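Student: From TrEMBL, here are the annotated features:
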type	residues	note
ACT_SITE	Ser143	active site, phosphoserine intermediate
BINDING	Asp99, His205, Thr207, Glu369	Mg(2+) binding site
BINDING	Asp99, Asp374, His378, Asp415, His416, His495	Zn(2+) binding site
COMPBIAS	28-41	compositional bias 'Basic and acidic residues'
COMPBIAS	46-58	compositional bias 'Polar residues'
REGION	25-58	region 'Disordered'
SIGNAL	1-19	signal peptide
Amino acid sequence: MRDFARYFVCFLAFSLTAGELVTVPGAREPDGHSRRGKDGSFKSGAASSRSQTPQVQGFQERELETDYWLEQAQQTLAQKLATPHNTDHAKNVIFFIGDGMSSQTVAATRMYLGNEANFLSFENFKDLGSVRTYCVNRQVSDSSCTATAYLSGVKINYGMVNIAASVDRYACEYDRNASDFEGLLKWAQDAGKSTGIVTTTKITHATPAGAYASSANRYWENDVEVASSDCDPSRVDDIAEQLVDKEVAQRFNVVLGGGRGNLLPKETMDEEGKPGYREDGKNLIEQWKQTHETMGRSQYVWNREQLMSVDTANTDYLLGLFESGHMKYNLELKDNSEASRMEPTLEDMTRKAIELLQRNKNGYVLFVEGGLIDVAHHETWARLALDETAEMAKAIDTARKMTSEQDTLIVVSSDHSHTMTYNGYPKRGNDILGLGDISDEDLLPYTTLSYANGLSYYTTYTEENHAIRADPSNYDYKQTDMRYMAMVPMDAETHGGDDVGVWASGPMSHLFRGVYEQNTIPYLISYIAQIGDYYEESDSGAGQPLAVCLSLLLGCSIAALMRR
């Protein structure tokens, strides 16, 4: 039997090498999804929400056979054996962050797409690692200290962006030369590469801010917020100002997201009739236009039609701001033709960014955030969080199809997790967003997805007695903004402290394997792309200096001896 298994593996490995990959029988294609609301103003109900009808049987007949699983495991082994390492350096890098995309969010999204055996696009990447997400002073992190870690390579304090942990939060004055630092996108620019950032949140939000700003408080997105912390806005640059004034941000070739309000004064209405937030009178959108007119061919857009009509072959700098605040959820756009005409998807923005950036013969580094996964989780809106995860997977799939694995490294990760759990013992084919089973204690049903804390505590338990659960079968879980069960009352659900995954595809993707600190990520990327510390030492891609090669050889030798 063992000899047969070995021959079978060898046969499959040979077939895979020859390009004759056999797919798992009956694998399902991802379903389409609708879009819905972000800020509580949902105008339609269950009729326009995505509805999943549970299957009578949620698995294939072949899954009942032992041979099915033996063959499936052998196919996976053969595929791994037949896949060689790409040891080239990367010309291009696309770095995706699913904000709040925990492992349970990924697993539940597979079921949202129809079956537990599905793969999200990035789960097909051949290399997977895991990173620890804590801040220097917090066990459970926020998006700003983590953004600093995976973009600039340094772990810092909670609530701060690109400032050393020796500086206290809310500090108005400190030694900026000694404590501020820049990271991945600056390293790319110094190596002659084009750069860009894309997000579905405000472009000044914590995650995208990690690409260009330094701030003692992540919420200092405009001058009003700086003043509210008793700092002088004339001496402390807010994050929106840094987006327009700071050199690294000025050199971004693409900036796409939401957040017009933080760039406009209160007396100025944006294109959709919403006033800005600033009290200093600065119109930073106009300032961006004036600055970039002198730098090259530039364009500002504020809706999807304008974005899709941009001639990327004749555009050097592109700024797109599509909302006053965060952009709309994917489900919010689905049944609203006007909204979908006015606002691009994450996939739209990613595609346009790649089209513009790929003109640079030296390559590019693009940072993309699926930010609304996190926003939905904070509201315990599980349906929205899963759909945003599915949409980010679509954007990643588009990016991989537009690029080559030979010269483009794609890295997918998360900044932190959330408290949503995928729990109980629901049967296969059960609606992931519906009821999972019945408690054997209070004899009430419970949902497959629930949260450790959040505002939905008040709908999880009865008003008369918070020790008694409300009957969740009375709720309509087809509603897009239905809040899912929570155990501890909070005005907003919190992050989780568990590790998050790192999926990688392209040159030297095998370096991302293992468990390591989150701040290691930008150094792995910079080594593979030969930027930052590895730019001046490289010789136009001809190879690494002898010292680096010897250090790598020594490390591998030590690891081999330890395994013995």
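Glycine is treated like the rest: Cβ placed from N, Cα and C.
Thinking about packing and proximity, how do these listed features fit into the structure?
Tutor: Non-local neighbourhood of Ser143 (active site, phosphoserine intermediate): Asp99, His205, Ala206, Thr207, Arg218, Asp374, Asp415, His416, each in the same chain, at least six residues away, with C-beta under 8 Å from its C-beta.
Just so you know, the Cβ of Glu369 (Mg(2+) binding site) picks up 30 other Cβ atoms within 10 Å once every protein chain is counted.
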Student: Could you work out which of the binding-site residues (His205, His378, His416, His495) has its C-beta surrounded by the smallest number of other C-beta atoms within 10 A?
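Tutor: His378, out of the binding-site residues His205, His378, His416, His495, has the fewest neighbouring Cβ atoms within 10 Å.
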Student: Between Glu369 (Mg(2+) binding site) and His378 (Zn(2+) binding site), find the distance joining the two CA atoms and give it rounded to the nearest Å.
Tutor: 17
Student: Mind giving me a neighbour count for Asp415 (Zn(2+) binding site)? Other Cβ atoms within 10 Å of its Cβ, every protein chain shown.
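Tutor: Taking every protein chain into account, the count is 29.
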Student: When you measure from the Cβ of Thr207 (Mg(2+) binding site), how many other Cβ atoms are you left with inside 10 Å?
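Tutor: Excluding its own Cβ, the number within 10 Å is 26.
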Student: So if I draw a 10 Å sphere around the Cβ of Asp374 (Zn(2+) binding site), how many other Cβ atoms end up inside it?
Tutor: 28
